[in-house]
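Chemist: What Swiss-Prot records for this protein is below:
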BINDING   9, 57, 85, 91, 102, 112  ATP binding site
ACT_SITE  115  active site, pros-phosphohistidine intermediate
């Protein structure tokens, strides 16, 4: 099974959307294997979003991510990164399809509720950054034999 990283951003936490987002991922058959609240430090934000540091929007993105607690999670399932990205929807909520997390809950591109790794490689990097060596569990959900052959 593959693992991917998901972060509910400060606007999602403040709006009480954690339960709805977790339910959508679980309803899809994914399994949460790690989770915690954290107010991210500047160094962690810089490493997480390192590909955006030189972009003009980065200072406001960093301020937003550091403005409140985030809910960090690792999810497991077949093609986990691709499945979660599909459920998440387009980065810009105005372009995200209804029924996706951003389509239903995102307000604008600057307050889009959720981050999800875009590929297995970035998932591995983000999991190592946010859950280094500890905090992940292995278990079998009762429905796994039905969901996965």
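Cβ atoms here come from the backbone N, Cα and C positions, even for glycine.
Note that this is a predicted model, so its numbers are computed, not measured.
Give me the lay of the land around each of these features.
Modeler: According to DSSP, residue 102 (ATP binding site) sits within a helical segment.
DSSP gives residue 115 (active site, pros-phosphohistidine intermediate) a strand state. The Cβ of residue 115 (active site, pros-phosphohistidine intermediate) lies under 8 Å from the Cβ of 5, 6, 7, 9, each of which sits 6+ residues away along the same chain.
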